[in-house]
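Have a look at the structure below, then the notes.
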2 protein chains.
Amino acid sequence: MLNIKNNILLLKKKPINIKNKVKTIIKDIKIYGEFALLYYIKFIDGIDIKSIKELIINRKTMKSSYNKISNKKKKILKEIYLRLKRYHFHNYVNSWQINNNIDIIYGQKINNIEKICIYVPGGNTIYPSSIYMNCIPSLIYRPNFICMVSPIKNGVISNTILSISYLNKINKIIFSGGVHTLSCVVFGTRNIIKVDKLTGPGNYYITKAKKIFFGSVGIDMLAGPSELIILCDGFIHPNVISYDFFSQLEHDINASCCLFTNNKKYLNLLYTKIYKLLLFQKNKKIIFKSLKNSILLFNKINNLLEIINFLAPEHLMICIKNSNKVVKKIKNCGAIFISYKTTETYGDYVIGPSHVIPTNSTSKYFSSLNIYDFCKKIGIIKIYNNKYCKILSSFFSKIEKFFSHSFSSIIRK
Amino acid sequence: MLNIKNNILLLKKKPINIKNKVKTIIKDIKIYGEFALLYYIKFIDGIDIKSIKELIINRKTMKSSYNKISNKKKKILKEIYLRLKRYHFHNYVNSWQINNNIDIIYGQKINNIEKICIYVPGGNTIYPSSIYMNCIPSLIYRPNFICMVSPIKNGVISNTILSISYLNKINKIIFSGGVHTLSCVVFGTRNIIKVDKLTGPGNYYITKAKKIFFGSVGIDMLAGPSELIILCDGFIHPNVISYDFFSQLEHDINASCCLFTNNKKYLNLLYTKIYKLLLFQKNKKIIFKSLKNSILLFNKINNLLEIINFLAPEHLMICIKNSNKVVKKIKNCGAIFISYKTTETYGDYVIGPSHVIPTNSTSKYFSSLNIYDFCKKIGIIKIYNNKYCKILSSFFSKIEKFFSHSFSSIIRK
């Protein structure tokens, strides 16, 4: 347990001068706009362009890419789209208004957030699942404009990526990543529209930048490396859980995966299995590095649950008989996967809840990306008999010494 | 400790900017805990105490204060409590779970945020309305612990304040404000419990600190000085609108109030009225200063609406025939007050929606404080037939080169 915390702390301590770098980039973009952007694209990304327009793709191009892909692929892409959207639609709430028949009509108007930017981390490839998982929750309240920002190093953008962006109603893609591009989206430049909200995970630089942007735009959360805790009583074949370890640990070298069990034998069994099977994994280099963040822990279930609620992990897999009882006791956690058949992979890709989930114990107060991140609630008040309001208001205004408050209610007949 | 003393000297010399001051205080509290707190309470607030316990009040004291107040007052306090709670309860959503009868059970578990701190700005007096407006939305999902942090200079705390705190289910009150006290609540010290979320407005220092805290705890929003735009076609007596100006402008010298009208005569009428009536206001000194932030604007209604949506004001009063049509066109705004009888004062005090509302154009992406600020949503997934999930997952894992992801689904029968 301590080990996890230490790892997280170490990770936090490493990038000392990152903050200053990020600040400089943001400042430059704020002052020099696209000139600075082109400069940074050249010197950070190594791409020499004359205008940012060269890296922007609009819906027309996406549509023509979508028309090029096979019908079979279209079917798969649509199926995923519909499955994810169905989940989020269950959370839909509408504006409401109520007349209390005594003195007040009040309510809540729910408006979309108009302009949204999703950040999709990339590099050698772009993660299509991240496009879905960022966009779908936003689509329920129909934003006016979605911009996707994503770095691409090889310069090759597949039709699949463009088709998925088309399906997810993205209006513009900027194929350039990093703090420099995000800053343009936050402050607006000649060719890049200023947005209202920014979502999606990124590396340390991006996360630092998001914290600085907070307040200039809305942001979803400050996410760090991925985490998984598997709570297991040992009735599942260790091969299966080993693969859950590998699939979690191959995300990146900072990812972590832990087994919490009340079965000591199982713990030993899994330990040997993991090292045996590790050699056959294609991403074994990454897994080997991230394995250092892993812990196998043995204790009573109730104690383990207490630790889980303290740690508030991003993902929690519960492979236990009587899982319902356990789920009720979970207080802090990003997403829960129940039973033998539910691998975290499904949650990453196709089921419903967004895979943009709070990490690093922040699920104590952040939620995974959901439709409420893309709307705002406006209180509405209309009074038709203000007798009682006058009395109550004057009570407060006396204590607070806001005397004109009282008069502004008294003067109304 | 030397560190602190040096910094205090610097604080007295002025030229350091706010952000650095705030950073220094937070750093000191993080390192020296309550020692630093006592130091800052002495040198910033001028109060010499031996232990922070002297400034902490528990529920027992609050209860005995509540028992001392008159029944008439109790009735008023309860009436306000019930009115406000009734409004927020309309937003209540529950956890849900759905079986799609094909392959998945999925749902969303809604948990409370366990420990909450509300900041109630004060000074000569504490604003009782702020206690209500911060607490009530939080009470719907029943937090385990509510701590109130509030500065009090005169050292006299009325029974009314303690009674209101008691009614609002506050567990602990720390009668000490500022960044130093908030830092203790965020990081936890010997006698002060670490919280998960921090809400409530404050001065520049508090707002700067909240931005730094964001990520270590959840925060509601970054709020600045209060704003009001009155959209009026001139059928209301200018005396009434003048008092709305005064009640808005007496908040503090940075508050602003604007009139947007399509009636040029009315604009001139109001202008003279305001200066005529200003002299009779008890808080005229503050109002006179904040009046410099005011604008009276004449234009067509449609143009004015466009400006309102661009500015995204905190409060919007609509005193116009056909107000329904206008309300539909409002996209960005914190709270809307409709018709002649609805003064903003009522919204500040007794109606329902929280008066903790986003300012400074941030209502484009922030909402006023509401019950969703005090809960978190956890996605739950359980799969009982994973045939289709396997196909879709392998599609993604190929593109994303996460090969173990694919295996972790294939290995499950």
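Cβ atoms are placed via backbone N, Cα and C, with glycine included.
Summarising the annotation, TrEMBL assigns substrate binding site to B:Ser226, B:Gln248, B:His251, B:His315, B:Asp348, B:Glu400, B:His405. On its own chain, B:His405 (substrate binding site) has B:Ser393, B:Phe396, B:Ser397 as residues at least 6 apart in sequence with a Cβ closer than 8 Å to its own Cβ. In the three-state DSSP assignment, the secondary structure recorded for B:His405 (substrate binding site) is helix.
Look at TrEMBL and you will find B:Gln248, B:His251, B:Asp348, B:His405 tagged as Zn(2+) binding site.
In the structure as shown, the Cβ atom of B:Glu314 (active site, proton acceptor) sits within 10 Å of 28 other Cβ atoms. Marked as active site, proton acceptor by TrEMBL: B:Glu314 (among others).
Around the Cβ of B:His315 (substrate binding site), the number of neighbouring Cβ atoms within 10 Å comes to 26. The active site, proton acceptor annotation in TrEMBL covers B:His315 (among others).
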Recorded positions, contacting chain A; criterion Cβ under 8 Å; candidates B:Ser226, B:Glu314, B:His315: none
B:Glu314 (active site, proton acceptor) as reference: those binding-site residues from B:Ser226, B:Gln248, B:His251, B:Asp348, B:Glu400 with C-alpha within 10 Å of it: B:Ser226
Where B:Ser226 (substrate binding site) sits in the secondary structure, as DSSP reduces it to three classes: coil
Spatial neighbours of B:Gln248 (substrate binding site) that are distant in sequence (at least 6 apart) but have CB under 8 A: B:Ser226, B:Leu228, B:Ala255, B:Ser256, B:Cys257, B:His315, B:Glu344
Residues near B:Glu400 (substrate binding site) in space but at least six apart in sequence (CB under 8 A): none
Same-chain residues at least 6 apart in sequence whose Cβ lies under 8 Å from B:His251 (substrate binding site): B:Pro225, B:Ser226, B:Ile286, B:Ser290
